[in-house]
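What follows is one structure encoded as C-alpha cells, with my remarks underneath.
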Amino acid sequence: MLYLHNPNLNFASSVFPLTCAVQNYAWGKFGLESTVARLVVGDDPLAVIEDNKPYAELWMGAHPKGDAQIKDNRIAQTTLGQWIAHYPACLGSKVKDAFQGQLPFLFKVLSVNTALSIQAHPNKELAASLHAQFPEHYPDNNHKPEMAIALTRFQGLCGFRPVVEILSFLQRESWCCVLCQVFRQLEQYVLLYINFYHLLYLCCVPEVPEFYALVGQEAAEELQSSMGDEIRSSQALKKCFTRMMSCEKKVFVDELNELVKRVSEEGAAGKDTSNSNGELLLRLHSQYPGDIGCFSIYFLNYVVLEPGQAMFLGANEPHAYIHGDCIECMACSDNTVRAGLTRKYIDVNTLCEMLNYKPASASSKIFPGVPDPSDPYVTLYDSPVPDFKVIKIQVPPSVKDYCVAAVDSASILLVIEGDAIAASAAAFSDLTMKRGSVLFVSANESLSLHITSQSGVTLFRACCLL
C-alpha cells in the first residue's frame, strides 16, 4: 500500500483512535434504541449500556465539556485538546492560522427521543456579548452554526413558515377577512351592511382560535396586511411571535389546555385535525405540558429529512429537533438561546430580538449532499460557513481497498457501518475500524482502508476545507 505522510509533522503518530464523550441528556433515546449507544458498544463490546438511561449525543472533538480521550497509551497526551495544543501544525497551516490553533468544529451523533428546545444560536458578535454578561448560561464567545444529516427519518422545526401558512392558522378564509376589513371601514356610514359584515366575521373564525388569542387581533391583521412586502412582513412576523412568546403564563396555559382539549375531542370523534397540526401538537404537549413552545408549530416549518438529507442552521435561525437520529457538525461552541420546550434556562427577550424573521418554505430548508465528481464513493455536505464541511464515504462491497484522501485540514472519521483495517505512515500501527470507531487524522495525511466486511463500509468525515 502507498501511504502519504506530512513531513511537516515531526511527531511519531498523527493518526490515532479516540474514545468520545457521551451526553446523557433527558431527551435522548434509551438504551440500545439509541444510535449513540449502539455506536459506543460497537466500538467497545465491553461498554455497559443501561436500558433505562438516555444516550443523547456522542461528542467527537476537543470541546472542554467533552474533550475526546486518545485511545493509545504510546501517546503522552491523554486528550485530543491537549494533543492539538502541543502539536497545532496537525490542523493544517490555513486552519491553524484562521482559528488560532483551535480545532474549529465539533462533530456529533444525536439520538432524539423527545423534542429539544425551541432555540437559536447567536452570531459571533452576540455570542461575545452574551458570554461577557452571562457566562453561566453562555459558556463561550463563539458562534454555533450547525448542520444535521439524517441517519434515520429525522423530524424537526426549522425557520419561519411562509406568511400565508401562518395566516392559515390565524384565519379561515382570506377573502372573507379582506371583505371584513372593508366593511369595518364602511359600517359607520352604511348601516345597511352591518348584518352582512357580522355574517362574514363569523365565517372568519380562526382555524386555531387559541393561537389567534395569543397573537392578538392587531398583530394578526398587521401580518396579513404586510403580504407582498418583505420588510413589513419580517417586522409583522417579529411582532406576532414576540406577542405570543411574551404572554403571561396563565393566559397561554389556559389557551393551550383549551386547544389540546379541542383537538383531542375532534380526534376521538374521527375528525381530521391536520389543519390544527393536531398530531404534532398532542405529541409535544405530552412531552412538555403547559409549555408555550407547543404553539411554535404554527410559526415554524415542520421539516422531515429522509436518510442522507441535511439541513443547515445558521446564526439566529429558530429550530427544534423533534425525533430521529442524525450526524451533526457545528462550530466549536455550546451557546444556545432557548425559549420553550425545555426545562433549562430560557431567555425569551434575547431569542425574540435575535431571530431571523425571514419566512421560507419547508422544502427550502432541505438540501442533499453533492456527489464528488472525482470520487464515486464520496458525497460532500458543504456548509456555507468556513468552520466545517462533512464528507460521507460509502464504499460498496465490490471494492476491497480504498484510500481516504489527504486534505489540508485535521479530520475526524466515524465508522457508521462495516469493518476495515486502516493503515497510515502516520500511525504507530494498523488500526482496526468497525461500527462506532472514531479516528483523528492530522492534516495532509491519507489513510488506506482494506475493507473486511461483506457489506462494504460507510464513514462520515468532518474537516475544515479553506
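Positions of Cβ are set from backbone N, Cα and C atoms, glycine also.
Per TrEMBL, domain 'Phosphomannose isomerase type I catalytic' is recorded for 15-163. The feature Zn(2+) binding site is assigned by TrEMBL to Q119, H121, E146, H319. Annotation comment: TrEMBL describes 214-300 as domain 'Phosphomannose isomerase type I helical insertion'. Residues or ranges marked as active site by TrEMBL: R338. TrEMBL lists 380-420 with the feature domain 'Phosphomannose isomerase type I C-terminal'.
Taking the mean position of the Cβ atoms of Q119, H121, E146, H319 as the Zn(2+) site, the remaining residues of that chain whose Cβ falls within 8 Å of it are A120, K144, L313, E317, T336.
When the binding-site residues Q119, H121, E146 are screened for a C-alpha within 10 angstroms of the C-alpha of the residue listed as 'active site', the residues that qualify, in sequence order, are Q119, H121. Counting C-beta pairs under 8 angstroms (sequence separation of 6 or more), the domain 'Phosphomannose isomerase type I helical insertion' (214-300) reaches the domain 'Phosphomannose isomerase type I catalytic' (15-163) with 3 or more such pairs. Outside the domain 'Phosphomannose isomerase type I C-terminal' (380-420) by six or more residues, the chain places 1-2, 4, 6, 18, 39, 60-61, 84, 90-95, 98-99, 103-105, 107, 109, 145, 147, 149, 151, 308, 310, 312, 314, 327, 329-332, 369-372, 432-466 with a CB less than 8 A from a CB of the stretch. The C-beta environment of H121 (Zn(2+) binding site), restricted to residues of the same chain at least 6 apart in sequence and closer than 8 Å, consists of H143, K144, P145, E146, L313, A315, N316, E317, S333, N335, T336, V337. Sequence-distant contacts of H319 (Zn(2+) binding site), defined as residues of its own chain at least six apart whose C-beta falls under 8 angstroms from its C-beta, comprise I118, Q119, A120, G156, L157, C158, G159, L300, L313.
Counting residues per DSSP class in helix, strand and coil order gives 40 helix, 43 strand, 66 coil for the domain 'Phosphomannose isomerase type I catalytic' (15-163). Along the domain 'Phosphomannose isomerase type I catalytic' (15-163), the predicted structure has mean pLDDT 95. In this view, E146 (Zn(2+) binding site) is surrounded by 24 other Cβ atoms within 10 Å of its Cβ, with every protein chain counted. In terms of DSSP secondary structure, the domain 'Phosphomannose isomerase type I C-terminal' (380-420) contains 0 helix, 21 strand, 20 coil. Break the domain 'Phosphomannose isomerase type I helical insertion' (214-300) down by DSSP state and the numbers are 67 helix, 1 strand, 19 coil. Around the Cβ of R338 (active site), 22 further Cβ atoms fall within 10 Å across all displayed protein chains.
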